[in-house]
Amino acid sequence: MLSTHSSPSGASPTAPFGVSHQTMVLIEHLLCDDEGADTFLSLALSLWTTWHDKNVYFLSVYLSECKIGNGESYRGTMAKTRTGVTCQKWSADSPHMPKYSPKLYPSKGLEENYCRNPDQDPQGPWCYTTDPEKRYEYCDIPECEEECMHCSGENYQGKISTTKSGYTCQAWSSQMPHSHGYIPYKFPSKNLRKNYCRNPDGEPRPWCFTTSENKRWDFCDIPRCTTPPPQPGPTYQCLVGKGDSYRGKIAVTASGKTCQRWSEQTPHRHSRTPENFPCKGLEENYCRNPDGESAPWCYTTDSDVRMEHCNVPLCGAQVPTDQPVLPEETPVVEECFQGEGKNYRGVSSTTVSGRKCQPWWSMRPHYHSKTPLQYPDADLRMNYCRNPDGNDRPWCYTTDPQVRWEYCNLKRYVPKCCGAGSGDEERGKIRMTQKGVGEEARGGGGWLLRDRPLGRRCAFVKAFKRERVTPSTYECGKPKVEPKKCGGRIVGGCVAHPHSWPWQISLRRRSFSSWLHFCGGTLIDPSWVLTAAHCLQRSQRPSSYQVYLGLHKEDGESYTQKIDVDRLFTGPMRADIALLKLSRPAQLSDKVIPACLPSEHFPLADKTVCYITGWGETQGTSGAGVLKEASLPIIENKVCNSRLYLRNRVQPWEICAGHFEGGTDSCQGDSGGPLVCFDKDRYIIQGVTSWGIGCALPNRPGVYVRVASYLSWIQNTMKSN
């Protein structure tokens, strides 16, 4: 091809969508002639029929970010060359005088500086560059519907819809026969169209759910393209985002373990090999993130520890080579915080137990996601106490490997002069009203009616708007107190606002003369509670149990409702779900409101943020004895069943939720409690706390019974009893 990019002689211009130039001239003529209207309509219908039958697919890709053949019809918005050089505008004459311009070639789509192929170059779209030393260069535009894949097939857009074992793929928009979390509208960039094979989650190659009830999913047999893969984006020697582009040479995990080579299968067998992930930089044993996890990681050479994250420094952060020597003591100045301490910017770095705080940029001894890069407005400097996630008060990760995090040793600010309530008990020293009226204007009976006192209301009492609720006015899933919804770390969660989860119940069993909490549950109707079947293993007698409703403290309050259990119903097929019928309906109030049930086979998208609550074991993370809450992302069952997580232990009628790094989970005493997710304007109970391996351990998310799978049983049981 000539460097001037000359067009083949005699090439006639073409109109959009494959309509011939002659036809377009005829249409223009008819549109200018009123008497030709009928002729035009007839011709238009004929043209549409012909075009639709032969070129319907062409329209769908005409404006897409892929090319057909040599890309002459490409009209996407790529504006950089394959080496990353920005394209020159087609209408510009600097730094290069163009041969192809919008004025000379108006039908070639030469808008802005987008890559185009105005001369039918067989190597595809190109552009003039903004580099004076390089006149033009080709662009990397993927093929539309190409029946081969580059790398691991993350960008595969083809139409193959059968697996390597011959199974037909299930449509991504369908939840039958397999319920799943890869909902097309939740993942618009993954192009989950029809039932075509795709790779939305970092597998070695495209896959799909199958239409066989006996085979949940399977890989597809997509051949690798013979053409070179697209030019990768910039790579870094430090951490940007999740570290997908990290290409540094750190080969030690955050705990100091040496990484296993990616090409080896000992001591750990795995599929993250250079052959399966050819574009992910899996050289040697360097830390990498080939599959979209939260940060770079590696398999370790320790046979007892399969994998761990690596402590890769953040780009742009001035991170010392060695861990800084942190002050043994905080300044003598007594520091305090206001409200929840979100704006606290002091230098305290000691927890309530006297432990020293871990620096926010460090991943030792605790791996976490609360980094300065992820929370740029939270001032996560050094190891100072902060509250980046809306917790109760400032906190930090600790330098003690056995204690992940703790609240800091700080006092809440209380104004020395304030007026609580109406101010009738105010006895402070402020002697002037807001309008400047002095003490002498005050009558003997209190403040003058013509002005308000300057006295401030106490900041340490947080008022919640409360409304009286009657059975005829309550709405399921709508608490009268807004939940805190802390981004938590109930192990590692935060103390909930009182009565902000009003469907949470405490299931008690008799112990001598008292009733002791041992499981949670969810009010789903004034007369019905949903819990876990394993909570009822000790006794099948209803008289062995009692339900406490409307409480915030585990010990109960004066307004707590205590109701006996009338009947027990355990789930079908030995499922870990049960219904309790109360001996009398609960009295609905602002403290007692049912949660909403989901629709049957409700699709719960991967990474949906949901919430767990309970009074269970806190393992020293504070908050014991009061209701705690924590947010958890849903983990698609396919991912949860991988070797990295729970290794095929999770069933289709169960939900997996938790954080990759651990730190947040339900625990002993939380069983039977709710996993609720916010949908539109209310909370839906999607899961019943069922089981897990340990509490809040890395790579060991919690497992919950999928309520939507048992909706028919729940409704029929309630209706029949």
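Placement of Cβ uses the backbone N, Cα and C atoms for every residue, glycine included.
Because TrEMBL annotations are produced automatically, they should be read as predictions rather than curated entries.
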CYS169, CYS197, CYS259: which one closes the disulfide with CYS220 in TrEMBL? CYS197
Could you identify, going by TrEMBL, the member of CYS315, CYS396 that forms a disulphide bond with CYS357? CYS396
Need the cross-check against TrEMBL: the disulphide partner of CYS298, picked from CYS259, CYS279, CYS336. CYS259
Using the record from TrEMBL, pick out the residue from CYS144, CYS148, CYS151 that is joined to CYS225 by a disulfide. CYS148
Looking at the disulfide-bonded residues CYS148, CYS220, CYS238, whose Cα is closest in space to that of CYS169 (disulfide bond)? CYS220
Note: in the chain of CYS298 (disulfide bond), residues six or more apart in sequence with C-beta under 8 angstroms of its C-beta are ALA251, THR253, CYS259, GLN260, TRP262, ASN285, TYR286, CYS287, ARG288, MET307, GLU308, CYS310
Before we move on, state whether the domain 'Peptidase S1' (490-719) and the domain 'Kringle' (65-144) share at least 3 Cβ pairs under 8 Å, counting only pairs 6 or more apart in sequence. no
Can you tell me the CA-to-CA distance separating CYS225 (disulfide bond) and CYS396 (disulfide bond), as a whole number of Å? 49
Length of the line joining the Cα atoms of CYS197 (disulfide bond) and CYS208 (disulfide bond), in Å: 5
Measure from the Cα of CYS357 (disulfide bond) to the Cα of every one of the disulfide-bonded residues CYS148, CYS208, CYS238, CYS315, CYS408, then give the nearest. CYS408
Chain-internal residues, separated by at least six, CB under 8 A from CYS315 (disulfide bond): TYR236, CYS238, LEU239, VAL240, LEU373
